[in-house]
Amino acid sequence: MTDIKEALFDKEPEKREGSGEKDPDMEPLFGQGSEEPAGEEIKPAEVPEAESQKEEQETSEKSETQNIESASDVETLSEEPKELLPEDSPEEASEEPPKKKGFFSRFKRKKENPEPEASEKPDDTASSEVSNTSGTEPGTTSETADQSQDEASDEKPEKKKFTFSLPFKKKPEPEEPEEEPYVEIPVYSDAEKKAELEAREKLENGTYVYKGLTEAEVENQVHMGRVNQTGESIFKTNKEIIRDHTLTYFNFLNLFLGILILVSGQFKNITFMGVIIVNTLIGIVQEMKVKKLVDRLAVITASKATVIRGGEVKEIDIHDVVVKDTMVLATGNQVCADAIVMESDGMEVNESMLTGESRPVKKKAGDRLMSGSFLTAGSGVVQVEYVGEDSYAYQLMKKAKTKKRASSEMQRTINRIIKVVGVLIVPIGIMLYLSQSNAGTGFSDCLVGTVAGVIGMIPEGLVLLTSISFILGVGRLARKRALVQEMEAIEALARVNVLCLDKTGTITTGKLEVVDVIGVNDTEKERVEAVMNEMAFAFDDVNNTQDALMKYFKKSSRWRSLEKIPFSSDRKYRAIRYDQEGCFVLGAPEFLLREEDREILLKAESYAAEGLRVLLLASCDTITVEDGTVWGVSPMGLIIISDCIREEAPEIFNYFASQNVNIKVISGDNPATVSQIALKAGLNGAEHYIDANELPEDFEELKKVVGDYTVYGRVKPEQKQNIVRAYQANKAVVGMVGDGVNDVLALKDADCGIAMAAGSDAAKQVAHIVLLDSDFSCLKNIVSEGRTIIANIERVSSLYLTKTIYSVILCVLFILLAREYPFIPIQLSWISAMAIGVPSFLLTLEQNESVDGGGFLRHVLRIALPQALSMVVCLLTIQVLTPFWNNDPTMTYMFNLLVGGTVSFMVVIEVCRPMNWIRRTMTVILICLFALGIMLFPGLLGIYSIFRWECIFTVPMICMVLVISKAFTQLVLLGYRLKDWAAMKIRALIDREKV
């Protein structure tokens, strides 16, 4: 590993994009590099005011001598920086280099080796390190270093210290520092730089232990607002919930309409306000209940950050991270705040979510880490620089809106309907009032008719239904141990017809076990085990394969490692170089073996054909850490690993097959191994597999071939992403199940990304849904629940949309006819309660997984449009027939109410198809209640008793409704068929043109 001191003084960090300023807390760690431009003078940093006053009290002769000596030191540093580094000194080179341990072992050692008391004298190594970091630069000669050590032991140093100038421009001193933002950068003195570097101590074995912030410093950062919080959450606060349910455009409109009814004096027509109030209260209560449940579950899956505070390693919530925190990162961790790398152990970072570039970037001490990126290999220690809304990821999301949202056709359609109706409702209402007024209708009746027309157009129930259904869906899924992070994901989950998943942890249990170790090329099994006893414990990777290796092999730790290449999903191997024993590599045989090793490869493939996993151990001539390559590979042995198939896997696959969901297994393992395991688990088509290295690189070609395969092996992260995109390009709704860092890109691009709670932080952060029990078997119940929610919303939306469509058409027609509106508000309230409100509530509680594949709007209009047109035609017919009963408005209202109820219950019957005993019973009861209300309360509803002789006209009117409804239904279906036929012909024509 690169020595941390060299990184601190010789590496100049990149300047943060979009900002000309840096955190002053980070600046002391990074002095100007030793490679200075020619002719550029190295200037000493300013001395703080307190130190300056102290120096002025000394004699001028002594100051002059100090300046001469310091200038000599700086000149020495500028001329030969590399030869004078402390680690290259003859004294250190002559000593036996200490043996390196695991990257995280120094944190445990911190507790075993507490800091010495003030009275104790530190060892030579620690003294030298503190001396160097406090005032003497890495390029200082041995004599100067000795002199610095002697001076460091005295309480009053005689020598004035200088340091390299920082690589940033000095900021002017603010008049009121406490009011300036914390990104202002002062110039640090030697004493302040020493305090920063004393945050870590160098142990005898050459590694560092970090002290981190004290509790008092953490409290100070929190008090100053430097905490990693943005205030974003899937749910709002209770205050926001109440506000958003009450202070809405349609609620204000309904309130205004209620006032108009009060002005008219016809108080019975204000009953619609009671429905509005009850609906609002239901929405508030339900969302608060679900919020409380989800908040409890969110604590379980919340990503944690490993920080060092007060010399101890602690695990805290990522939202509790503060500026200047010392944070430990490992493979799979997502960077939660902008930070500076203090120490890197083969750290490789994927920044594709920020830059779009998916190739991993190596990070060394002094480099910057941007929030939103994640570690694909290695580990390291960083110091936090920017948090919360000041972080790069938050600013990027705020400006570019880069966060991918789950696809929701339903929400988009409903929002369009609301926008259109919201724009039309006010001018139509005004024109309706003026039209009735000009026709000679009284003021009171004009107001009542206008209110009736307007409240019919308001899609209040549709908005409430969808929002409450989504909220309740989140609650239902939470009770099934699934945390929904984006509510729109529920619809995407319900419409998924291609589900991509990995083998490990889904088809199999994920509990890997080493079953055999085989030597090759005349290598003894004992030799292979001896190497693995060292190599299996030399890396800090946390995954199932690593766990299996550590359980089988015995820890030795007698060899001293010099450099390592950690495992990554791109390379498919890990490598290490030891001081005396040489270099070794462990990974996938297909990626390491050459043509002359064909016999060994065939042997590995024979094990893979049995469903076993195979790793190759080989020696190599050398390794290159910079680009992660190995040279001169010589096979030594094969390590055979088994995995158990889940007992419930066949049942799960059968369920998805019955739901017309195609399962695609995308794995990084050998394709033959994955295929055999999938076949044993009962996956149809698992015999059709391919090695991802054989997939075409051209995306258009990839789109053509993805439909031919069920199993993909040796897939790299970018290839997983491209496979998901290829299925989406083929008009499929794709779900992706993953838990590792190699799944992040695919999870992000999938229509519905599902992660395991036990998976990597990065996977959980980008997923739409997190399975709390990390159990693939519960995915069956989750998909079923999601489909039930969406199917029920689609069904009952037809009830609400029918009312909105015919209300808009009737308003326009009666404006043109200059006649009274055919309903009064209380009549619409009675129709809505019996034929819309109650059935919609009961139907949403029913289990139903039949999601329409044609899309939300098409499914809803297939029922709503013909019934709305039937309503309009029948009501116009009644207007024509009014002379038969002497234009009696009360008689007209009676026929309008009967026809309106008939059409509305026909919609209920269509929505309930196919009928079962529950739906049939519900429909009959509601029709009886509707008729009973008309018979018992005719005066309240503004109609005559139905026992008058004129009611005989009701029978032919109902027959007319049935005929017209059937005719319009067939016309709408014919229109859809013609549209589909035209679209098919156009696609065929386009395909021929391409060929």
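Using N, Cα and C of the backbone, Cβ positions are placed for all residues, glycine too.
Heads up, TrEMBL stuff is auto-annotated, nobody curated it.
Matching 744-763, 824-843 against TrEMBL, the residues noted as transmembrane segment span 824-843.
Helix, strand and coil residue tallies for the domain 'P-type ATPase A' (301-399), in that order: 19 helix, 50 strand, 30 coil [DSSP].
Pairs of Cβ atoms less than 8 Å apart link the transmembrane segment (924-947) most often to 891-912, out of 246-264, 417-435, 447-472, 891-912. Counting C-beta pairs under 8 angstroms (sequence separation of 6 or more), the transmembrane segment (246-264) fails to reach the transmembrane segment (953-976), with fewer than 3 such pairs. Here the transmembrane segment (824-843) has Cβ contacts under 8 Å with residues 261, 266, 268-272, 275, 448-449, 451-452, 455-456, 461, 465, 792, 795-796, 799-800, 803, 893, 896-897, 900-901, 904-905, 907-908, 911-912, 919, 922-923, 926, 929-930, 933, 940-943 of the same chain, all six or more residues outside its ends. Beyond the transmembrane segment (447-472), the same-chain residues lying 6 or more positions past its ends with a Cβ under 8 Å from any Cβ of the stretch are 250, 253-254, 257, 260-261, 263-264, 266, 269, 272, 276, 279, 282-283, 286-287, 290, 410-411, 414, 417-418, 421, 424-425, 428-429, 432-433, 436, 441, 487, 490, 789, 792-793, 796-797, 799-801, 803-804, 806-808, 810-811, 814, 820-821, 823-825, 827-828, 832, 836-837, 840, 844. In the predicted model, the domain 'P-type ATPase A' (301-399) has a mean pLDDT of 82.
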